[in-house]
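In what follows, a structure is listed as structure tokens, so that the remarks can point back to it.
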Amino acid sequence: FYTSLLRHLEALPTRPPTPARPPTPKNMLPVQTGVKAQEEEQSSGMTIFFSLLVIGICIILVHLLIKFKLNFLPESVAVVSIGILMGGFIKIIEFKELANWKEEEMFRPNMFFLLLLPPIIFESGYSLHKGNFFQNIGSICLFAVIGTAISAFVVGGGIYFLGQADVIYKMSMTDSFAFGSLISAVDPVATIAIFNALNVDPVLNMLVFGESILNDAVSIVLTNTAEGFFSQSNNATVSGWQTFVQALGYFLKMFFGSAALGTLTGLISAFCLKHFDLRKTPSLEFAVMIIFAYLPYGLAEGIKLSGIMSILFSGIVMSHYTHHNLSPVTQILMQQTLRSVAFMCETCVFAFLGLSIFSFPHNFEFSFVIWCIFLVLLGRAVNIFPLSFLLNFFRETKISPKMMFIMWFSGLRGAIPYALSLHLGLEPLEKRQLIGTTTIIIVLFTILILGGGTMPLIRLMDIEESQTRRKSKKDVTLSKTEKMGNALESEHISELTEEEYETHIYQRQDLKGFMWLDAKYLNPFFTRRLTQEDLLHGRIQMKTLTNKWYEEVRQGPSGSEDDNDEAELL
């Protein structure tokens with residue numbers, strides 16, 4: 001048996017030995033070299049040139065608005081309008097085959113989330129008046145978190161059920177909730193400007209402003225929850241209630257985890273700059289502040305948290321603690337630099353929003369757009385009116401029905417919904433184009449119609465305030481840049497010595513809760529209280545810089561030595 005088996009095996013045809021497989025190479029990032037690298041560099045250069053050209057034109061436009069006192073026109077409306085005109089001009093150039101700038105005028109979502117959005121969010125947190133913010137943190141969080149979630153559910157649920165009834169384009173629950181979340185990001189710039197000009201109670205002003213800041217971050221976290229959680233989870237074997245609980249846990253992890261990371265980064269920056277005295281080298285001091293400003297965003301995105309939420313809380317904490325450890329020069333430099341960069345980023349986004357009308361392929365459905373606008377207004381109303389009515393039971397400063405209506409009417413949509421709509425990876429392409437087109441139309445509708453109608457609405461609603469304003473010769477301005485330029489941040493330039501701070505705290509008998517804890521323990525631990533010598537040195541430094549500037553102006557070609565001219569100028 002064995003002999004026959006061996007003969008049979010020997011008779012089988014022999015196969016050549018299988019060659020050893022080479023080791024699988026590791027995935028490497030594509031690196032462009034040679035001609036491709038030069039082409040990519042030229043394309044990037046043209047993109048940078050085009051973006052700077054757009055920003056420069058918009059800066060001139062905003063300057064003209066302020067110079068000719070066109071206070072009734074919000075800057076976002078003007079910038080979007082100039083973007084639309086530039087988009088039409090570029091389209092004519094492409095049609096005549098004179099040039100092809102299609103790649104330059106396209107807006108890249110990654111550029112928005114990595115470069116443009118972080119400075120906007122950080123500046124919002126850094127410029128915040130922390131006193132009223134922390135005193136009203138409960139009401140602000142109610143509007144920002146619960147109110148935004150209500151709006152997202154109203155819009156998303158309405159789109160889903162209307163689609164199931166074949167009234168509008170049919171979308172899944174996940175896609176509907178993602179769209180409802182992104183379109184709930186509100187940018188009430190007009191409301192803030194009007195509240196400031198009308199001398200509204202500062203607590204109520206802070207309530208609206210704080211809600212607008214947190215609202216953007218909450219909307220982004222909700223959108224990431226819908227996009228990330230529902231796409232990764234297997235909903236086929238999980239009930240609806242369990243899915244909701246899991247999604248809520250995912251959202252809470254993103255929200256509180258990101259907020260804790262940003263808070264911790266801000267406290268570390270305050271502790272470091274308190275014990276490493278860099279006041280004599282403002283350039284190093286400013287460089288450390290810039291590093292700590294962007295650090296939490298990169299870390300949060302790297303560990304799959306929300307970088308926007310993290311950088312927002314980092315800005316609030318750094319402004320509250322770290323800012324007071326800086327030299328007076330760096331304090332002013334930091335504040336003005338953040339304002340300038342945030343303005344350029346906002347202007348760039350609004351301009352590209354106008355350009356997108358001509359640069360993107362669109363999918364327009366009239367019924368879908370009309371129903372979405374109705375649901376957006378309904379979601380804002382369900383957010384503002386019931387929550388304001390509920391808060392009035394617990395607040396000393398009541399929110400009047402007139403203020404509720406103004407808050408509802410001027411809930412403008414801005415840059416964040418537009419960028420989030422481009423960032424959603426929806427399939428098929430038809431759905432993605434529909435969401436993008438609808439978002440652009442809603443943003444333009446709220447900016448042009450609601451934003452442009454806010455000023456006439458105010459003049460129609462408050463006759464008494466208008467008469468008082470005429471007597472005091474105070475105009476209502478919707479220019480955010482003019483407001484920021486004229487604002488004196490007393491909270492950011494106040495310098496108290498150790499003895500003055502202790503006296504100030506003992507005189508404040510109304511501090512309760514976190515405000516008392518912060519004033520008694522946290523603020524002394526994380527901030528460096530000045531000695532009389534430090535305070536004198538800071539004043540001398542600022543006076544020296546001012547005198548040096550004044551001497552250079554006097555010695556210039558247009559300078560005047562006439563004391564009468566100086567007195568007249570003053």
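Using the three backbone atoms N, Cα and C, a Cβ is placed for every residue, glycine included.
Going by TrEMBL, these are the annotated features:
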| type | residues | note |
| --- | --- | --- |
| TRANSMEM | 46-66 | transmembrane segment |
| DOMAIN | 60-458 | domain 'Cation/H+ exchanger transmembrane' |
| TRANSMEM | 72-90 | transmembrane segment |
| TRANSMEM | 111-128 | transmembrane segment |
| TRANSMEM | 134-163 | transmembrane segment |
| TRANSMEM | 175-198 | transmembrane segment |
| TRANSMEM | 250-271 | transmembrane segment |
| TRANSMEM | 283-299 | transmembrane segment |
| TRANSMEM | 341-360 | transmembrane segment |
| TRANSMEM | 366-391 | transmembrane segment |
| TRANSMEM | 403-420 | transmembrane segment |
| TRANSMEM | 440-461 | transmembrane segment |
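The highest tally of CB pairs under 8 A with the transmembrane segment (440-461), across 46-66, 72-90, 111-128, 250-271, 341-360, is held by 72-90. In terms of C-beta pairs under 8 Å, the stretch of 72-90, 134-163, 283-299, 366-391 lying closest in packing to the transmembrane segment (111-128) is 283-299.
Within the same chain, the transmembrane segment (72-90) stays apart from the transmembrane segment (250-271): fewer than three Cβ pairs sit under 8 Å, each pair at least 6 residues apart.
Counting Cβ pairs under 8 Å that are 6 or more residues apart, the transmembrane segment (46-66) and the transmembrane segment (366-391) reach fewer than 3 and are not in contact.
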